[in-house]
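First, the structure itself, so that you have it in front of you.
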Amino acid sequence: MPLTRLSVTGVRNLHPVTLHPAPRINLVYGANASGKTSLLEAIHLLGLARSFRTNKLQPVIQYAESQCTVFAELVSDQGETTQIGVQRSANSEFVIRINGQNVRSAAQLAETMPLQLINPDSFRLLEGAPKQRRQFLDWGVFHVEHGFLAAWQRLQKSLKQRNSLLRRGRIDSLLLAPWELELVQAANQIDAYRQSYIGRLKPVFEQVLADMLTIDGLTLSYFRGWDKEKPLADVLAQQFERDCQLGHTQAGPQRADLRVRVNNLNAVDVLSRGQQKLLVSALKIAQGYLLKQQYGPQSCVFLVDDLPSELDAHHRQALCRLLEQLDCQVFITCVEPEQLTGLWQSETPKKLFHVEHGHIAQTD
Ligand SMILES: Nc1ncnc2c1ncn2[C@@H]1O[C@H](COP(=O)(O)OP(=O)(O)OP(=O)(O)O)[C@@H](O)[C@H]1O
């Protein structure tokens, strides 16, 4: 669902503002440090209850202010309006409201407004720890498999219990057995969801990537977190002594990974920065397409920070074309508007916003 109204107060250097974004393409331009990324950060807070720049929310609140608030109205294809708001005070909890009701879980926000971010840190998807890639994978699985969240919560609980029993000096197998059973069941369910999702994602990803560039020898494979030939129960039994020594469970979906390789080498070690940016963008856009297949157009909001950096004009255009074809709402930042204007079909609804010293004004 696209945002039709967005109000931001007390976020970074931004002056309080209410915007009426276009349902499709929103170009946000301005000089360095004007506040472009802060605007995307505000939308990110709204969709995920957290910043993409910091784990803490305090730095997001404007220096002289005691709280920040982001509020939006989203309108579905059928004209149904949803209101969501998030507020964070310097000394209190994060408050999330959907249609006037307080909500406790950020998962509900994520469900209401699926959000994808492409920014210079997106490279971490390739170069960072497996956790980043699991998060990427699970974003998609969470949105298309309704049983995923419950299975994930079961896994977390059983893992916590097993790990705490492992750390005790003497293991009581009667206590351990039910948690291992629970762990194995949740693990198999999560693995099945992930495998099915990857099976659908791969061809879409390959198609999206092929529309931007060719990378010979590229493979995307999924490692489920334990030996693919053995049941998890057997692996847990085999690794039991080692798990006891380490005090945690080494095998399971909590160790899963997505491996992106080129001619059997890590993609990050061989691809140029521009190729990496396009590859990560293709992965995220492919997720957007899967969401669109399931829920129809405009099911996802894309935030794209600093799109022009690392990309030549040809690839910039190819990426913009894919974002446009995805038929969802996009917020893209750049320094000079000429870098991104003229790349869109004339009939695609678009708006241009200029950010200057924290003031945002619509210019087109
Ligand atoms: N809590 C805060 N309160 C007020 N200002 C802040 C706060 N945190 C950061 N700033 C300032 O906000 C400004 C805007 O930063 P932002 O990253 O949004 O700029 P930008 O337009 O994306 O810049 P660039 O093009 O360089 O990426 C910066 O000058 C930054 O120092």
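Glycine is no exception: its Cβ is also placed from the backbone N, Cα and C atoms.
Please treat TrEMBL annotations as automatic predictions, because they have not gone through curation.
Copied straight from TrEMBL:
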- Gly30, Ala31, Asn32, Ala33, Ser34, Gly35, Lys36, Thr37: ATP binding site (BINDING)
- 3-358: domain 'RecF/RecN/SMC N-terminal' (DOMAIN)
Within 10 Å of the Cβ of Ala33 (ATP binding site), how many other Cβ atoms can be counted across all chains shown?
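Result for Ala33 (ATP binding site): 12 neighbouring Cβ atoms inside 10 Å.
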Within the chain of Lys36 (ATP binding site), which residues six or more apart in sequence place their C-beta under 8 angstroms from its C-beta?
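Within the chain, Lys36 (ATP binding site) has Cβ neighbours under 8 Å at Val28, Tyr29, Gly30, Asp305, Thr333, Val355.
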Please determine which of the binding-site residues listed here (Gly30, Gly35) has the lowest count of neighbouring CB atoms within 10 Å.
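Taking Gly30, Gly35 as the binding-site residues, the minimal 10 Å Cβ count falls on Gly30.
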Could you say which of the binding-site residues Asn32, Ser34 has its Cβ with the most other Cβ atoms inside 10 Å?
Ser34
Would you report the average pLDDT that the model assigns to the domain 'RecF/RecN/SMC N-terminal' (3-358)?
94
Could you tell me which of these binding-site residues, Ala31, Thr37, has the greatest number of Cβ atoms within 10 Å of its own Cβ?
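For the binding-site residues Ala31, Thr37, the Cβ with the most other Cβ atoms within 10 Å is Thr37.
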